[in-house]
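Notes follow the structure.
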Amino acid sequence: MESETEPEPVTLLVKSPNQRHRDLELSGDRGWSVGHLKAHLSRVYPERPRPEDQRLIYSGKLLLDHQCLRDLLPKQEKRHVLHLVCNVKSPSKMPEINAKVAESTEEPAGSNRGQYPEDSSSDGLRQREVLRNLSSPGWENISRPEAAQQAFQGLGPGFSGYTPYGWLQLSWFQQIYARQYYMQYLAATAASGAFVPPPSAQEIPVVSAPAPAPIHNQFPAENQPANQNAAPQVVVNPGANQNLRMNAQGGPIVEEDDEINRDWLDWTYSAATFSVFLSILYFYSSLSRFLMVMGATVVMYLHHVGWFPFRPRPVQNFPNDGPPPDVVNQDPNNNLQEGTDPETEDPNHLPPDRDVLDGEQTSPSFMSTAWLVFKTFFASLLPEGPPAIAN
């Protein structure tokens, strides 16, 4: 006789997926089969599930009844975790739900036989009546997972107890189906031309309020005749900023204090640049060239600052004549009847001031052009001084 195999105890921890019950820890043998373990769970598990309703999962794999635990559970571990999924049926609530389902299925079946002879349509209406006639306690029970599965099992063979969708998802699918069916119906009726739009709200005619009568002489200043011969008024703003320069891009440029008052960093940068220029000039040229360039640079700097102006600026003498007297009530047509000045009619006659300006605009000489080039070259080497402030 073959010797009996020694029992190999193993500890199993059974967990519920919906966490309705606490984890059950039990002791078993590695020689058990999965069917034997299900039969043991039907006796010790709180809800007493039947073996055919149980589903055991280990490491993500569904265990079959003929498999042995010795082949599934590794020997290195003494404790193994199993997940139990089962369809639990409550015997206390099942008679009430079955009675409600039976009553609801009999009533719509008798009333709809004459109207709807087809079986498919009657089945659909029967199922919808079942869901509609459930009372409030029934809805409270269906809100729980196990009660929802019981309700689906009681509806008929068309519904599965292990549906992957929840109760809210199924109702949402039903709403989407009804909306899609309604849109198809509207599209079909609109294409056939028999679509009647729903009665809209009663349109109330809008009565515009009459415009008020204009007030006589509301703006007396505008109704007065303007003086055509009045001199234009010059508005002088005494508080305007006088330190403004015109910008080529448009708009004035306000003089800032940073351009007038330089700080020590600007003076240090200027001194460093000038020292680099002197070092290059001293080491890469002779002493005579160095002194000549330095003298010319100093003279150009003094001229640039304004100490040695080579040519005084022309002073324009404007005649200090008062403004012409305003002629009151002058006829604008009198300007056409007055005699013109013979000096203005003669194109060869020019005023003395214009002769002087034309004499100054003669072509520059070669020396003035050379001096301008020399001055511009050395002036570009010198830093730009602060701009003059207008008085």
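Glycine is no exception: its Cβ is also placed from the backbone N, Cα and C atoms.
Residue with Swiss-Prot feature phosphoserine, selected from Ser27, Ser92, Ser135, Ser160: Ser135. Outside the topological domain 'Lumenal' (285-289), and at least 6 residues removed from its termini, no chain residue falls within Cβ reach (under 8 Å). Residue counts for the topological domain 'Lumenal' (285-289) under DSSP (helix as H, G, I; strand as E, B; rest coil) come to 3 helix, 0 strand, 2 coil. Outside the transmembrane segment (264-284) by six or more residues, the chain places 290, 293-294, 381, 383 with a CB less than 8 A from a CB of the stretch. In this model, the region 'Interaction with UBQLN1' (115-200) carries an average pLDDT of 60.
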